[in-house]
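S.K.: Before anything else, here's the structure in question.
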Amino acid sequence: MSTAPRCDRTEAWSRLADHHAGAGRALDLRQAFAADAGRAEAFSLQAPEVFADLSKNLWDADTRALLLALARECQIEPRRDAMLAGEPINLTEGRAVLHTALRAPRGAAPFGDDVHEVLDRMLAYVEQVRDTATSGIRHVVNIGIGGSDLGPQMVVPALDAYTSPALTLHFVSNVDGHDIAPVLRRLDPRETLVIVASKTFTTQETMANAAVARAWFLAGYGEGGEAAIAKHFAATTTNVAAAAKFGITTTFGFWDWVGGRYSLWSAIGLPIALAIGAENFRALLAGAHAMDRHFAEAPLEQNLPIQLGLLDVWYRNFLGFSSRSVAPYHQGLRRLPAYLQQLEMESNGKSVDLDGEPLPFGTSPVVWGEAGTNGQHAYFQMLHQGTDVIPVEFVAVKTPCYRAEGIADQPEGVRAGLADQHHKLLANCLAQSQALMLGKSTDEAMGESAPTASKALDAATVARHRTFPGNRPSTTLVLDQLTPAALGALIALYEHRVFTSGALWRINSFDQWGVELGKALCNQLLPRFASGDTAGLDGSTAALLGRLRG
Ligand code: F6P
């Protein structure tokens, strides 16, 4: 086990506490920019495919220097290297953590032969299926949940410009039949490929949906259905034996050293590869690998994932922010917040350290959000004027990219309109980070006319309602274009940032025992729905069971 100290037992932590008590918590972004014309540049970093403006965050050069000292004292570099070398850093499960090996060129990381054998075989299969005139497949249904769903479900719409119009992807995850039923009712089994995606091949939701899909397929296909399963079903799993038992012979495997929420780079990425093709899937992997190298090689002063992780620790443990909002200003990234929820909250939602000692400080923030500009018309009110400070992470994409057949054939008026919309999108993104930081004083509000304000109220009262405190922090990440490589780099950036805060907190970011209890209790409750037996249940659960039983 790593002997690296926990963050709160270091000298840098005490110095950060002193710094926080003084200048650290008093920092005013408006004054900081006024005092330093070079602030934007000094707090910006360029990593592969991703530029980051960190200057609208509540830190100064001293804060950053102390956080870097903290990272060094917590031995972030040797711990990172241990992960990349395949040491069993997932201590509670005795496993290595090697999602980075899935995107490394052959020979550059452990298990290269295994990884590239499956990758080559999977991508050859992908090209066969994508030859729709021959394969006859027009629809792909991915059945999986959590890490076996959220990655592909996020990436496929993000890379819409790279997807084939000949193949439509569908995602089914929930055990609720309202998820799968509307999907299947639109499909013809003879034109459909069903992927059963499950690391363990035991997950209740996925097994239930897979059984329904199988019954639907056999009923709809008619004669020869059993034999046709070989062509119309595929499994992506570490448990190939269980897939075979289910009757699926087309399988692509992966390994226990790939965590579910880190698995989109493995065979779990099959729906992504089917959507964007082999070459683009390799570009996605290459983009992630470029970020891996940056994480592994860039000095801490220029290391973007490490600096983001350090800011997260500063915000959570010193400034007391318990939430972070993600605002991707690209409709294709609308599932990014949900993807990041699992990545960060399942990884770092822990309350004991590696030794099992209860932690005296907070860990994972709540991660949430919505694509911009939609979020502006929902909850940004609270970000601007609510009582809690919530750091916001904007993701902006400089150049839009539409699927060719959707836009190239459109009349000039449509294309000009879309170009104009993109400028509006980016202006909104910048305006929000500006407004969060600048705010509006009561005096400024007094000086403005407020035509919609009630005439029954005096001007000073109205002005107080129209005051914005400002000094609210944000980060802006900028991609030139949402290419497969850029998206790969962005996702890898988030993975390594989560590693960084988890390493400083000295927690195991790679297990997820917290999901077990609910699963076990569900299995105990299930038979009671048939029997009606409520013996031994608490009063609330017994009453609710009685009410919900059919
Ligand atoms: O929710 C817990 C979890 O184990 C996740 O970590 C995982 O991504 C998900 O369930 C799905 O698991 P599987 O891929 O084994 O079906």
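Placed from the backbone N, Cα and C atoms, the Cβ positions cover glycine too.
From a predicted model like this one, the values you see are computed outputs, not experimental measurements.
Feature table excerpt (TrEMBL):
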- GLU346: active site, proton donor (ACT_SITE)
- HIS377: active site (ACT_SITE)
- LYS519: active site (ACT_SITE)
S.K.: Report, as a single number, how many Cβ atoms besides its own are within 10 Å of the Cβ of LYS519 (active site).
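M.R.: Excluding its own Cβ, LYS519 (active site) sees 10 Cβ atoms within 10 Å.
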S.K.: Same-chain residues six or more away whose CB lies under 8 A from the CB of GLU346 (active site, proton donor)?
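M.R.: When sequence neighbours closer than 6 are ignored, GLU346 (active site, proton donor) has GLY146, ARG261, GLN512, GLY514, VAL515 within Cβ distance under 8 Å.
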S.K.: What is the Cβ neighbour count of HIS377 (active site) at a 10 Å cut-off, with all protein chains included?
M.R.: 10
S.K.: How big is the Cα-to-Cα gap, in Å, between HIS377 (active site) and LYS519 (active site)?
M.R.: 36
